[in-house]
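Feature annotation from Swiss-Prot assigns 5-phospho-alpha-D-ribose 1-diphosphate binding site to 94, 97-98, 102, 104-107, 122-130, 134; the stated evidence is sequence analysis. For 94, 125, the entry in Swiss-Prot reads anthranilate 1 binding site, with the evidence type sequence analysis. Residues or ranges marked as Mg(2+) 1 binding site in Swiss-Prot: 106, 240. Annotation source Swiss-Prot lists anthranilate 2 binding site at 180. Residues or ranges marked as Mg(2+) 2 binding site in Swiss-Prot (evidence: sequence analysis): 239, 240.
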């Protein structure tokens with residue numbers, strides 16, 4: 001199938017969702033050669049990935065992931081397996097790759113939102129092109145990444161937050177590692193991670209590195225069963241809602257997807273230059289995260305509050321972003337968000 005798919009994609013013909021599922025099954029089962037994988041994902045990138053193609057690839061990756069069971073259900077290809085009355089599960093995983101050298105905003109947000117009573121299954125990885133991925137900063141904060149799936153499940157159930165370390169849960173991705181590394185360009189695999197949460201997160205705030213991906217990935221999430229959420233991109237390239245200017249937002253609701261622009265001023269927040277939002281290496285970013293969770297003021301706190309506000313709206317904990325920002329600020333200042341970090345560190349290290 002992959003040889004036929006390469007020939008079609010080279011001619012700029014789109015694949016159906018079913019065809020993409022067949023191709024990705026071949027890739028992730030080890031049935032495609034490295035040359036075929038590299039050719040296919042390069043041709044797909046040059047053509048431009050469609051909503052159906054991304055959806056099909058995400059379904060296969062979800063189906064082959066090691067599941068993290070939260071409650072009684074896990075998100076997979078078959079939507080009938082899902083208990084729609086279960087507790088909301090949030091993921092704040094983004095694509096990364098923004099090149100803006102920002103600190104770990106979505107990881108900081110995860111602790112705040114979980115302290116507000118939302119179950120958070122934070123999916124993430126080590127840095128690929130940046131200085132510090134979510135796994136890197138969590139490790140620097142003292143979180144033990146080398147834990148079994150049952151420890152992650154217990155973490156989410158008992159304290160309301162767990163970290164889903166992508167390499168440990170997506171073993172089938174090993175077949176694409178070599179081709180991806182050797183061609184050295186962004187491909188469909190750079191956007192699949194946030195679409196394939198092994199705990200079946202049904203609520204997401206997903207930051208993307210390109211504006212043209214905002215509405216597209218929102219449509220994909222909708223097809224995959226996301227009940228509510230936001231896909232976002234800052235005008236400065238940040239894969240977050242930024243403080244430097246406008247951000248593009250695609251809102252996912254029961255009625256569909258709505259695209260619009262927002263600015264910090266809409267929520268009473270002062271703009272900040274990108275330099276004030278910069279991070280560093282894992283140890284430096286760990287200091288930033290602790291400072292924010294300890295109540296330190298400044299631009300870094302404001303951008304975390306803004307993004308947390310959207311996450312709290314997505315999960316139904318706030319009726320609008322302004323209320324979400326207020327709730328996030330109160331949660332930090334009460335010490336509850338820092339307590340979540342301390343509890344995650346303790347639980348994951350007790351498991352050793």
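Every residue gets a Cβ built from N, Cα and C, even glycine.
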- Query: Among the binding-site residues 94, 123, 125, 180, whose Cα is within 10 A of the Cα of residue 239 (Mg(2+) 2 binding site)?
  - Reply: 94
- Relative to the Cβ position of residue 180 (anthranilate 2 binding site), how many further Cβ atoms are located within 10 Å? 19
- Least Cβ-crowded entry, counting other Cβ within 10 Å, from the binding-site residues listed as 123, 126: 126
- Let me know how many other Cβ atoms fall within 10 Å of the Cβ of residue 94 (5-phospho-alpha-D-ribose 1-diphosphate binding site). 29
- Task: May I ask for the distance between residue 106 (5-phospho-alpha-D-ribose 1-diphosphate binding site) and residue 180 (anthranilate 2 binding site), taken between their Cα atoms and rounded to an integer number of Å?
- Result: 25
- Item | Neighbour tally for residue 102 (5-phospho-alpha-D-ribose 1-diphosphate binding site), based on other Cβ positions within 10 Å of its Cβ | 26
- Query: Cα distance, residue 240 (Mg(2+) 1 binding site) to residue 126 (5-phospho-alpha-D-ribose 1-diphosphate binding site), nearest Å?
  - Reply: 18
- What is the interatomic distance between the Cα atoms of residue 123 (5-phospho-alpha-D-ribose 1-diphosphate binding site) and residue 240 (Mg(2+) 1 binding site), given in whole Å? 16
